[in-house]
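Novice: A single structure is presented below for examination.
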Amino acid sequence: MNIELIKCHGSGNDFLLIDEMEGKLSFTDDERAQLAITLCNRKTELGADGILFVLNSDKSDARMRVFNSDGSEASMCGNGLRCVARYVCEKLNKEEAVIETMKAHLKVKKQEDLFPDIPTYMVEISPVSFQLKDLPLELDQEKLVNEKIERLSDHLTFTALAVPNPHLVTIVKTEDIHSDIQKNLSEYVNGPNPLFPDGVNVSFVKSLEKGAIYVRTFERGVGFTNACGTAMSASSLVTCLIGLNEKEEVIEVYNPGGKVRCVVHEADSGYWIELIGNATYVYRAEVQLDEKNKNQFEVMKKEHFDAEAVQYAKLEEAAQGFIRQYI
Ligand SMILES: N[C@H](CCC[C@H](N)C(=O)O)C(=O)O
């Protein structure tokens, strides 16, 4: 079977985008999970943090399903949704669209370039819940906002929220950003444990200055990634809750892969976050799957988007330069 795909990234969080809208391709959920495990393997010619499947939607312009590199499906992916937003808007020749995701139909919209010649999109991150049952987090309380979890740390305080995928966020000092604490804690809560039966994305956040934060995330189903869009959105909201930043104001969110912008909103229906950042194409490829062995494939063609790589490298260099002043 031949599959055409686009390797893309949002702030260095990279994905393989596969279009199932044309009807030439249609996979079962098991096949999607197996494709994610096989094609995201970084020991192959491809490799990525996950796969974005773009499908038709009865009610919206398109539908996104996201599978982590371990084959698990997530309810949401912020960086991936920006890549899907670009793909669908360009396909339908629109400046904005609505994309169906597992828990919501979300607005997406082309934005002014975040940096010269870098395709930039805004995506809506919602619904947001602080109910521990929505992660789930097994604690005998309704919410966890800036509180200790003794089993995880004797000095860190955490906030748990679903956007709607599950996030655990802690505001740390510089020394904790580079320590093994995050790796050890994240591997525990994403293995067999009494707290997070479905695992959780774990973010360590450093406040750089008013309106600027740094977020490093260990992603459920992946591990450490260059960035996690839902985590940066969740982290921005947490910094507003604890008074480091303001709702309705732009927060520059730096990460190991570059930077994005978040704006936290509070509506009658609850919080939602605007996540604004790049949607960069890396290459277009044609892959031939081995019919007999689902773990084997051959890359028949690969065409790189060289100009986009050059432009994104400039953004990344500028972001790293800013970060180095603080961390
Ligand atoms: N690993 C996440 C899904 C991908 C989210 C991330 N890549 C983003 O940009 O939000 C989870 O299992 O909840």
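Numbering starts at 1 and runs along the chain as displayed.
For all residues, glycine too, the Cβ spot is worked out from N, Cα and C.
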Novice: To which of Asn13, Asn41, Asn278, Asn293 does TrEMBL also attribute binding of substrate at the site defined by Asn68, Gly78, Asn79, Asn165, Asn201, Glu219, Arg220, Gly229, Thr230?
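Specialist: Within the candidate list, TrEMBL flags Asn13.
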Novice: If H, G and I count as helix, E and B as strand, and all else as coil, what does DSSP give for Glu219 (substrate binding site)?
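Specialist: Looking at the DSSP assignment, Glu219 (substrate binding site) belongs to a strand.
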Novice: Give the residue from the active-site residues Cys77, Cys228 that has the most other Cβ atoms within 10 Å of its Cβ, counting over every protein chain displayed.
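Specialist: Compared across Cys77, Cys228, the most Cβ atoms within 10 Å surround Cys228.
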Novice: Check each residue in the chain of Asn165 (substrate binding site) that is at least six apart in sequence and keep those whose C-beta is under 8 Å from its C-beta; list them in sequence order.
Specialist: Ala74, Ser75, Met76, Cys77, Asn201, Arg220, Thr230
Novice: Near the Cβ of Gly78 (substrate binding site), how many other Cβ atoms are there if near means within 10 Å?
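Specialist: There are 29 such Cβ atoms around Gly78 (substrate binding site).
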Novice: Among residues Asn13, Asn68, Gly78, Asn79, Asn165, Asn201, Glu219, Arg220, Gly229, Thr230 annotated as binding substrate, what is the maximum Cα-Cα distance? Answer in Å.
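Specialist: Spelled out: the longest distance between any two Cα atoms in Asn13, Asn68, Gly78, Asn79, Asn165, Asn201, Glu219, Arg220, Gly229, Thr230 is 16 Å.
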Novice: Around Gly229 (substrate binding site), how many other C-beta atoms are within 10 angstroms of its C-beta?
Specialist: 30
